[in-house]
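S.K.: In case it's useful when we look at the structure, here is the feature table from TrEMBL:
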ACT_SITE  His97  active site, proton donor
BINDING   Trp31, Ser65, Phe66, Glu67, Val89, Val90, Ile91, Phe122  5-amino-6-(D-ribitylamino)uracil binding site
BINDING   Asp94, Thr95, Arg136  (2S)-2-hydroxy-3-oxobutyl phosphate binding site
Amino acid sequence: MATALKNLDDYSTASFADMSDKKFGLVVAEWHKDITDALSNGAIETLLKHGAKKENIFRNTVPGSFELTLGAQFLAQHEEIDAVICIGVVIKGDTKHDDYINHAVANGLTNVSLKYNKPVSFGLVTTNNLEQALDRAGGKHGNKGVEAAAAVIHMLSF
Ligand code: RBF
């Protein structure tokens, strides 16, 4: 399914620098794996499009989105890593788990970014149902993995 998903994104690249000398961490949650793979592919394609070298993209998986924060920290702590992109999908269920996870990740990634003084992007798709998630992973609302990669490129060009 992931490869069938098409990226429809459009973002401004006016201020983007060349990324050929930068190293990127990519942390991908395995819950809703087909969707996070599509988001991850969008992020990688975007980094390559802006000059990043394949060998400078360090992709790791974590079990679920809650673990994105520690995964980001594991990567951000390395001096040679310039930025970290985090990818996950949290879909609302019968309980409030989504609220707890989403807030924890938003706060956690903010803290990692500020602690290490590096861009750490929030590529967490938080939706009410599966269809809304697919719409944001290469469907009618684009690919949020592309946007998460574009965000760190923008910040590295600051
Ligand atoms: N992780 C996700 O990435 N997306 C989800 O939609 C998601 N839903 C969960 C629902 C429940 C009730 C629980 C307990 C966990 C869920 N997780 C989800 C996993 C979570 O991010 C984490 O990996 C686990 O709680 C283990 O720390």
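The backbone N, Cα and C atoms fix where each Cβ goes, glycine too.
So that I understand the layout, could you describe where these features sit and how close they are to other parts?
M.R.: Spatially close to His97 (active site, proton donor) yet at least six residues away along the chain is no residue at all, judged by Cβ distances under 8 angstroms. Reduced to three states, the DSSP call for His97 (active site, proton donor) is helix.
Take the CB of Glu67 (5-amino-6-(D-ribitylamino)uracil binding site) and look out to 10 A: across all protein chains shown you find 20 other CB atoms.
Taking Cβ-Cβ distances under 8 Å and a sequence gap of 6 or more within the same chain, Asp94 ((2S)-2-hydroxy-3-oxobutyl phosphate binding site) has no neighbours at all.
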S.K.: Which has the fewest other CB atoms in a 10 Å radius around its CB: Ser65, Thr95, the listed binding-site residues?
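M.R.: Ranked by other Cβ atoms within 10 Å, the binding-site residues Ser65, Thr95 bottom out at Thr95.
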S.K.: Reduce the DSSP letter at Phe66 (5-amino-6-(D-ribitylamino)uracil binding site) to three states and note it down.
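M.R.: Once the DSSP labels are grouped into three classes, Phe66 (5-amino-6-(D-ribitylamino)uracil binding site) ends up as helix.
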